[in-house]
Structures are given as structure tokens and as C-alpha cells.
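What Swiss-Prot lists as active site, proton acceptor is 281, and the listing cites similarity to another entry. Marked as NAD(+) binding site by Swiss-Prot: 44, 45, 46, 47, 48, 49, 192, 231, 343, 371. Feature annotation from Swiss-Prot assigns substrate binding site to 192, 343, 344; the stated evidence is similarity to another entry.
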């Protein structure tokens with residue numbers, strides 16, 4: 001089956017033995033006694049969260065006496081008739097999926113839904129291996145729980161598959177269920193986006209910070225996983241790599257546990273840069289989609305846009321980290337693939353083609369939340385604050401950081417203020433007065449841009465840093 005780690009003969013036995021060894025090693029590190037399951041819980045039923053949990057189920061689900069993978073998603077989300085019809089086509093195009101559903105006595109309900117005689121629900125189809133935001137890519141069957149307390153109360157590892165816009169609310173509720181816990185769980189966040197707070201001082205709040213604040217789980221137990229992750233491609237065994245970022249205590253053992261033959265996971269200590277880049281890339285992906293649509297997929301225009309937007313991203317990270325991780329490896333690959341393909345780039349294309357409008361909102365059927373929209377607002381508001389002023393390299397005067405980010409400014413005026421049309425993004429990258437993006441990068445490295453207060457850290461004398 002595509003997406004399964006099952007293999008025949010000796011190779012299958014070898015793969016299973018390696019997986020069991022990694023599972024046993026993590027169980028020992030987490031202090032699990034014999035007979036006490038390692039409970040892995042995915043929170044959120046979006047495409048990447050569901051696919052990630054399905055990867056773990058494929059890898060470790062066979063060891064039922066040692067590990068359990070389950071997913072929480074909200075109940076009550078109905079599958080519309082058009083999606084049900086398409087899902088039926090997908091099922092019948094895949095013999096392995098068709099046989100599995102017949103064997104599980106689950107096929108008939110999809111026939112009835114196609115005919116309009118039955119309503120399917122998102123949690124119901126996820127149990128059968130279908131994510132509502134990714135029905136073209138069948139997953140393995142998953143254990144799905146719709147009661148949040150039941151799902152998370154005894155979790156050892158929690159996978160945050162929620163959008164950043166929902167993370168605070170859901171983990172605030174989870175925090176109430178964990179008040180009596182003696183040992184905090186380990187949390188791996190897949191969320192890509194940030195919140196901005198202006199009062200009392202400008203600062204960003206990343207998903208890992210939201211989770212820690214909401215639950216009381218120490219930051220050393222909360223990690224971020226990012227990389228070039230197109231969910232359907234990774235589940236279908238397209239080769240990919242990723243980084244798990246956070247404190248020393250957990251990132252190395254988790255990198256080893258998560259690594260699969262086609263999904264290579266490295267570890268990195270720079271949590272902030274990776275989380276911030278995870279939010280920034282969604283912003284610039286919307287613009288990339290617009291450029292692609294408006295230029296008839298011009299490779300030259302897209303490459304010009306890529307060079308300009310990555311220089312803005314590098315500049316912004318120097319405000320948030322004293323020595324930010326270089327835009328290379330999985331960090332660069334994540335940016336590239338998101339600008340090339342993904343829901344945010346898709347959204348930008350549809351806006352530029354007139355097939356979607358801003359009035360339709362940023363939650364799109366079959367795609368989920370377009371996180372780049374809220375990220376545009378957050379970063380623009382944050383970087384507009386005069387208290388963060390930097391020296392303009394040409395006029396030698398203090399300006400708000402956003403004044404050195406013309407693409408971010410343009411996207412804000414298109415998406416949030418709605419003052420400009422989508423073709424304004426082309427004017428932003430074709431401005432004759434624009435300087436070489438290399439100059440922005442050199443300026444960020446030359447000037448002391450780091451503002452620890454943006455992370456809620458005490459102010460330091462950066463001239464002596």
C-alpha cells in the first residue's frame with residue numbers, strides 16, 4: 001500500500017526490527033514500564049497533522065503492546081455532497097483502499113453518501129484514513145477521538161497539528177486537563193505562524209510559547225518540527241527532510257524516533273528562527289502565487305521574487321535572534337517548496353486569477369486555514385512600531401523596520417487594507433529604485449538589529465553584545 005512501511009520478506013522484518021528498537025529506546029527515555037503504552041496524540045485533523053500521525057501509525061502501530069497513536073479532531077464537520085462524490089471516485093480508483101473498506105464493512109456508507117442518502121463527517125472518514133483537506137491521498141486508518149479530554153489527558157507525546165490561529169484556544173483547554181499531571185508530556189508543534197502583541201511593548205508570540213503559556217509545560221519539553229513538508233507527497237514516500245528544533249533534552253532522541261527511510265529528521269537548537277521562518281514563508285508564499293499567476297508562471301519573475309522575499313525574511317530574523325540560523329538546508333527547502341506549492345501559494349494564485357475574493361475569508365473549503373493572511377497582519381503591525389526603529393541604509397534616518405520590507409508592505413495593502421489590486425505585487429518587485437537584495441542581507445548582518453524585547457526577553461546593550 002502506498003504510504004505504508006509494510007514490506008515483504010526479510011526486508012520487512014528488518015524494517016520492523018529497527019522501528020521496534022527505536023520505540024524501545026524512546027520508551028526507556030520516557031520511563032515507560034512494560035505494559036504501559038507510549039501514548040502519542042495528534043491534536044487537529046488537518047492535512048499535515050493527519051499525515052504526520054499516519055506516518056507514526058505506519059511505523060509503530062504494529063507494536064500494539066508498546067505504543068498507541070490517536071488523533072483528536074472536532075466532531076460535527078459534515079462532508080458536502082461534492083466532496084463525498086469525489087471521495088467515492090478516489091476509493092474506487094485504489095484497489096487496496098477499496099478492499100480495506102470492504103473488509104472493514106465501511107464501504108457501503110460511501111456509496112450512500114455519493115447518492116445523497118447519508119451525511120459523512122470529517123472525524124468519521126478520518127477513522128477510515130481520509131483527511132477532509134486531502135481526500136486524494138488516502139492514509140492508513142487512524143484511531144480518532146472527538147472528546148479532547150479523553151484524547152490528551154494521559155498523552156506522553158502530543159503532536160500539535162492545529163493552525164497557529166487555533167493553538168492558544170485549544171491548548172488553553174488542554175491545560176485544564178493537565179493540572180494534576182506529575183510529569184509533563186513532550187509536545188511537537190507543526191504549527192507555522194505567529195501572533196503579535198503591541199502592548200505593553202511590541203513582541204511576537206510563537207506557537208511553542210502559546211502552548212507553554214497555556215499549559216504550563218516547560219519550553220524544554222516543547223519542540224518545533226519544520227521542513228519541506230507537502231503532506232500528501234511525504235505520505236506517498238517522496239523523499240523529504242526536516243529539522244526538529246528545541247532544547248537538548250528531547251530533540252536528539254525525537255529526531256532518531258521520527259526518522260524514516262524517506263523522511264530524514266535532523267535536530268537543531270535554534271527554535272526561534274525556525275518558527276519565525278515558518279510563519280514568514282506563508283506570508284511570502286501568497287505573493288509567490290500571485291506572481292506566478294500574473295506572469296503566466298514566468299520562471300524569471302518567480303526567481304526575482306524569491307530572491308527579494310528571502311532577503312526580507314533574513315532581515316526580519318535578525319531582529320528576532322542575535323545569531324539566527326542561516327537560510328539553508330531544510331529551512332531553505334521549506335521556504336522554497338511553500339512558495340512553489342502549498343495552500344498559501346495556491347490562495348495567492350486564485351486571488352490573482354479572480355477565482356477567489358478576499359471577502360470569502362481565509363478559511364477555504366478543502367484547504368483549511370490560509371495562515372499567511374493572519375501572519376501578514378501580525379508581522380506588519382509588529383514591524384511598524386517606531387520603538388523598533390532601525391537606520392535606513394540610504395537616507396541614514398531612523399525608520400520602522402517594515403519600511404525596509406517592500407513586499408511585506410505591499411501584501412499588507414492588498415490582503416489586509418484592501419487598498420491595492422493583486423497586480424501591485426509586480427510593481428513591488430519591479431521598482432527601479434529597489435536596491436540589490438544582497439544589500440539588505442549585508443545590512444542585517446552589519447547593523448545590530450537584534451531586539452530581545454520582541455521575544456519578551458530583558459533588554460540588553462546590543463552595542464556590547
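Keep in mind that glycine also has a Cβ here, set from the backbone N, Cα and C atoms.
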Other residues, Cβ within 8 Å of 192, 343, 344 Cβ centroid (substrate site):
281, 282, 285, 338, 342, 345, 370, 371, 372
For residue 281 (active site, proton acceptor), which DSSP three-state class applies?
helix
Is any of the binding-site residues 44, 46, 48, 343 within 10 Å of the residue listed as 'active site, proton acceptor' (Cα-Cα), and if so, which, in sequence order?
none
Whole-number answer please: how many Å between the C-alpha atoms of residue 192 (NAD(+) binding site) and residue 344 (substrate binding site)?
12
May I ask which residues of the same chain, at least 6 positions away in sequence, place their Cβ under 8 angstroms from the Cβ of residue 48 (NAD(+) binding site)?
161, 190, 229, 231
List, in sequence order, the same-chain residues at least six positions removed whose CB sits under 8 Å from that of residue 44 (NAD(+) binding site)?
71, 72, 73, 160, 161, 162, 163, 166, 170
How many other Cβ atoms sit within 10 Å of the Cβ of residue 343 (NAD(+) binding site)?
24
With the substrate site defined by the record as 192, 343, 344, how many Å span the farthest pair of C-alpha atoms?
13
